[in-house]
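Notes follow the structure.
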């Protein structure tokens, strides 16, 4: 189409057929200048009143979002057919998203259409239903539904699918199902839209029932059907049904569809069957970046950080480059493992490919470094973000809280408020944790009251755990007991554990025993609960009580797993990527040199080969 921007047209070769092709290309490529030149040529050549060419020119203007020019052209047309009206209405619906004045214009033209006795068809109504969704106006959609019924178009699968989708987006599942049932000759698209309606509205069981009905009607389904059903079984945790779907997918050869195969991997991972997820992944004939990300995220969610890193290596070997989701997932896994060398290598790669400024990657870097205790690097990553979101602020606040710098965490929280950020319950949990770890009782109570009274956030169990720990650490056990007993729900294991810990520190074995009895009812088979009470009695020298609790632990619990520690040794080096360079970064050496050296080395962007240590 670039040629039309510089070429003078000649009537010897621009026939109506060629003009039609040129207009279609202009619309497809969004070439407004090409459309203008073609418009001028139509007038010059006397073809400006050819309806088919006018309709295609109108399509060029709406595809280029030049609605003023489109409306002017429309108003100048002497003859209009249903294609003309639908072209304008479809364009306003598709390209006017986010612009209420443009969307309202669609209904203005629809009224003109009716006043000029032009009967709407299926495409007209699907466009207007889309406009109703964009306007978030369900009543207009209902009125359109009535009009559709009056015209007898409700039996049309195309229109019924649009109606079911419309009601689905507003959460009106009952209306969607009534519309679905009224259409007698259902096609595959309509079945799929109904299944999708149930899945998107968290009614996974109903989606499975619709699929069963669909099978009884002799409709096998397609890749879209199985992707939705596998998502439903993942949410429901229906592992057995997921396996049955897997068998059906294989028998119908949909396992060759990369989307369906990736959804299979996701289904098994969410059903806690990570081994089956890996088998499904290894059995994929074709893989794309989404397939790899699905498996990596699955490993990360199951705490298999090393496997996630190994899979990342496999991505590079397949000549695939990770995106921000890949990096964020692997960084989260490495953070849980406190694997310093992998974190540094991934940080270096993110800098090289320009992903270090992406919020998800930057936030994952903050978490990864803070879990490894490298708080200076975490703050440098935070400072590098141009516009931190609430997750960034919260991650850094929690990093300070859990690395022995509670005052800095509180200062950062106050700075966040000054920057106009509205804290959520996770942000308040971070600042309460900072106050708890630092023994800052007055500050902690201030932020708890700020959360409940100013921001109207209802405290969850984690907030009460922090509050009990905050009061219990400095010896305000009676106040902690008051919070424990006045909570709007029954105390859980975390709250009781925090209270027993406070009783242990301050030698209140009587209250510790009271809380422990409640804890043993909640978690009778957990060794740590009995050990906590034993230590409380031991600190007071109550050895008979220690022996009694030890006997209870032997009778009710399995053998206690001994504690262990681990370190990272730079022996087994694995290649992560190789990008035309001989410079090598050794993770162990970087760790020895310190965080400042690491950051300056990464920022220099000189090293292109990374090794795992």
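Cβ atoms are placed via backbone N, Cα and C, with glycine included.
The repeat 'PPR' annotation in TrEMBL covers 288-322 (among others). In the repeat 'PPR' (288-322), helix, strand and coil residues by DSSP number 26 helix, 0 strand, 9 coil.
A Cβ distance under 8 Å defines the sequence-distant neighbours of the repeat 'PPR' (389-423), meaning residues of its chain 6+ beyond its ends; these are 359, 362-363, 366-367, 369-370, 373, 375, 378-379, 382, 429-431, 433-435, 437-438, 440, 443, 447, 451, 455. Annotation comment: TrEMBL describes 389-423 (among others) as repeat 'PPR'.
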* To do: Go ahead and report the DSSP secondary structure tallies for the repeat 'PPR' (389-423): helix first, then strand, then coil.
  => 26 helix, 0 strand, 9 coil
* Structure fact -> Whole-number mean pLDDT, the repeat 'PPR' (389-423), equals 91
